[in-house]
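Working notes, beginning with the structure itself.
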Amino acid sequence: MVRDPQEEAQQRKRWAFSGLALFVCLTALAGLLVGLYPSAASWMSARDQAKLIDRYDARIDNATPISAHELIQLAHRYNERLTSGASIDAYSHVPRGTGAESEEGLSYWDQLRVDGSEVMARLRIPTIDVDLPIYHGTSDETLLQGAGHLAGTSLPAGGLNTHSVITAHRGLASAAMFTNLDKVKDGDRFTIEVFDEVLTYEVRETKVVSPEDTESLGVQDGRDLVTLVTCTPLGVNTHRILVTAERVTPTPQSDIDAARAAAHVGFPWWAVILGLGIAVLALFFWRSGYMGTAQPRGRHTRAEDHEEDMDAE
């Protein structure tokens, strides 16, 4: 009986654990995880923000039209108090003026808050694929969740003689936020959704200023403005990017039709890449166990030698 030498050699191979192959696979996997972390963290952050927006929309659906209208009217009253020269109390964030009007219901933290929701509005910037909830205040905790409204500026409810300032982080490894705000150009548009109202703004000016320069954030007579603010240069954060936009009226029908749409998270390509990477590394580890493991010719072959002797006779 004559055997194929290649087949005989293959049959004598046995899988054996390779410490070197395991080390190579673990090192490669660690590198893959580090490389995919920003994409994965950003996707998960976008997913969480989308859930918050969906919950906000659900609460708006459950709110009565009268309740939503009253909240909008309170926000306009709050803004009027700001433009009339009222000052902001450092602790209550209530605009305090000299008139006899009651301050009841004008606490900053109560404005544009529906059924206990932490979200006051929704910001969408199509040109840089931003879809963020807007929260009260700009604390570190708030800005890790989405965009923050700068207390002391007009609430993002629209109206003449208002200037709302909205800020968000840039360059976070865990979320995109305003990372690409520097790519927004004059003429680009974004929307702010407040309850069932859609406010469209068109960018008029983009500039870089020092943190102390707040002159551009004041109310301008007869104008409805929103300024988006973030840090620059990326990773250095010594200055601020100001993207100032003016209200477009009437609101374009396309923006009204797109309102309240479910937040788009995007496909998790990072998960596909991770799965393929793990599969390739597993295959490499398995194949490496067969490299250099052919048994010596003189071991465990007594039966085969006897068979060869019988064939020779």
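Placement of Cβ uses the backbone N, Cα and C atoms for every residue, glycine included.
TrEMBL: automatically predicted annotations, no manual curation.
Some features that TrEMBL has for this protein:
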type	residues	note
TRANSMEM	15-37	transmembrane segment
ACT_SITE	HIS169	active site, proton donor/acceptor
ACT_SITE	CYS231	active site, acyl-thioester intermediate
TRANSMEM	267-286	transmembrane segment
REGION	294-313	region 'Disordered'
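Here the residue listed as 'active site, acyl-thioester intermediate' is positioned 7 angstrom away from the residue listed as 'active site, proton donor/acceptor', judged by their C-alpha atoms. Proximity of the residue listed as 'active site, acyl-thioester intermediate' to non-local residues of its own chain (separation of 6 or more, Cβ distance below 8 Å) is seen for HIS169, ARG170, GLY171, ASN237, HIS239, ARG240, ILE241, given in sequence order. For the residue listed as 'active site, proton donor/acceptor', the Cβ neighbour count at a 10 Å cut-off comes to 20, with all displayed protein chains included.
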